[in-house]
Amino acid sequence: MGNCWCRFEPLNHRVSANAKSESPKEQSPTVEDKHIKEVQKLPSNPKEVEDLRRDSAANPLIAFTYEELKNITSNFRQDRVLGGGGFGSVYKGFIKEDLGDQEVPEPLPVAVKVHDGDNSFQGHREWLAEVIFLGQLSHPNLVKLIGYCCEDNHRVLIYEYMARGSVENNLFSRVLLPLSWAIRMKIAFGAAKGLAFLHEAKKPVIYRDFKTSNILLDMDYNAKLSDFGLAKDGPVGDKSHVSTRIMGTYGYAAPEYIMTGHLTPGSDVYSFGVVLLELLTGRKSLDKSRPTREQNLIDWALPLLKEKKKVLNIVDPKMNCEYPVKAVQKAAMLAYHCLNRNPKARPLMRDIVDSLEPLQATEEEALLVPPVQKAVITIIDEMPKNGLKKVEELKKVEEVKKVIEDAC
């Protein structure tokens, strides 16, 4: 969706390097039997998929034919490709006809995610998970699934189009303008609300693959969670966790999940802490291009998050000191608590939402000219149109330096 689909990782890249292998020899007959039953239970033809979706869906999803998708994407033209990965490709398309009861007065842009002939159990399960979860759940901070296609060997998902793409592309881009502090906190707030909604749903859901490439942005930088292929039903009743295959993305996955396969809402909280730290520093969770001791963001930054003065040294320099210092310190402490190695000591997502709310800028504040830029504009306006003498120019330069120092 938008530029959002530019970095989808193949399934084998999602598994942590420290994950325990799951060879058949290590699996007990009970687990194998359960696996076989799961395969047998999974709906595989269009009617079974539609029946299952209709029985559990809160959102009216549309079952598209493959021929309709060819029309929507101009026959999957190459210049419509938005991105791709291990699952296949994503195309930009336009729906020109009414969608059931919904009128389409003008072409509606959509993102069409085509699974590349992966009809394995895992590939079909991830595709189906998105249909089920996004069919059941509706929230402003979850990407909207419009429909799907389950025809012959084709497995396709149709989403709302997210104009600004992924947080990953915006945060780490060398071409796009740097994200302001206000926008970064808006993104964190929106993503936190999405996770909190999942954790507090009637049937709790653990997202399991929270990372910057899975957070999408609309034109107003509203954040929405996408890609529910690895999402899992959360623990219910007196259960503290669910046991599952170790999947996710290295650098974001919680350490206890990597070690044991025990998945809890706290696993998502840890991943949120990683993303919040990326927003603070402008650095990737893992970056082999940096000096050895700085390649792992958590190892490098975690000891500094509690230090009110030192933490300012790791803030993204692309923001040019244009941020409220106290808010940065509060966000850093929040990230520190999310990254606690003890999952029981991490905050709940609802508490994280409450902590981020006071850090949100008003619409008016977000539109204000940053103090350094404002000072420079003022100085330039005061300059005589016929120019300045050299000594006066130097004086103005010193004034600008002083303003920058004060702002930082």
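Backbone N, Cα and C atoms are what each Cβ position is placed from, and that goes for glycine too.
The feature active site, proton acceptor is assigned by Swiss-Prot to D209. What Swiss-Prot records for L82, G83, G84, G85, G86, F87, G88, S89, V90, K113 is ATP binding site, and it gives sequence analysis as the kind of evidence. The compositional bias 'Polar residues' annotation in Swiss-Prot covers 18-30. According to Swiss-Prot, the compositional bias 'Basic and acidic residues' annotation covers 31-40. Residues annotated as domain 'Protein kinase' in Swiss-Prot: 76-360. According to Swiss-Prot, the feature phosphothreonine maps to T65, T244, T249. What Swiss-Prot lists as phosphotyrosine is Y159, Y257. Per Swiss-Prot, the feature region 'Disordered' maps to 17-50.
Projection of Swiss-Prot feature records onto the structure.
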residue : record                       : DSSP class
T65     : phosphothreonine             : coil
L82     : ATP binding site             : strand
G88     : ATP binding site             : strand
Y159    : phosphotyrosine              : strand
D209    : active site, proton acceptor : coil
T244    : phosphothreonine             : coil
T249    : phosphothreonine             : coil
Y257    : phosphotyrosine              : helix
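With G88 (ATP binding site) as the anchor, the candidate modified residues are T65, Y159, Y257, and the one with the nearest CA is Y159. In this structure, the C-alpha atom of Y159 (phosphotyrosine) lies 10 angstrom from that of V90 (ATP binding site). For the modified residues T65, T244, T249, the greatest number of Cβ atoms within 10 Å around a candidate Cβ is found at T249. Across the structure, L82 (ATP binding site) and the residue listed as 'active site, proton acceptor' place their CA atoms 21 angstrom apart. Counting other CB atoms no more than 10 Å from each candidate's CB, the binding-site residues L82, V90 peak at V90. Its own atom aside, the Cβ of the residue listed as 'active site, proton acceptor' has 23 Cβ atoms within 10 angstroms in the protein chains shown. On the backbone, the CA of T244 (phosphothreonine) and the CA of the residue listed as 'active site, proton acceptor' stand 13 Å apart.
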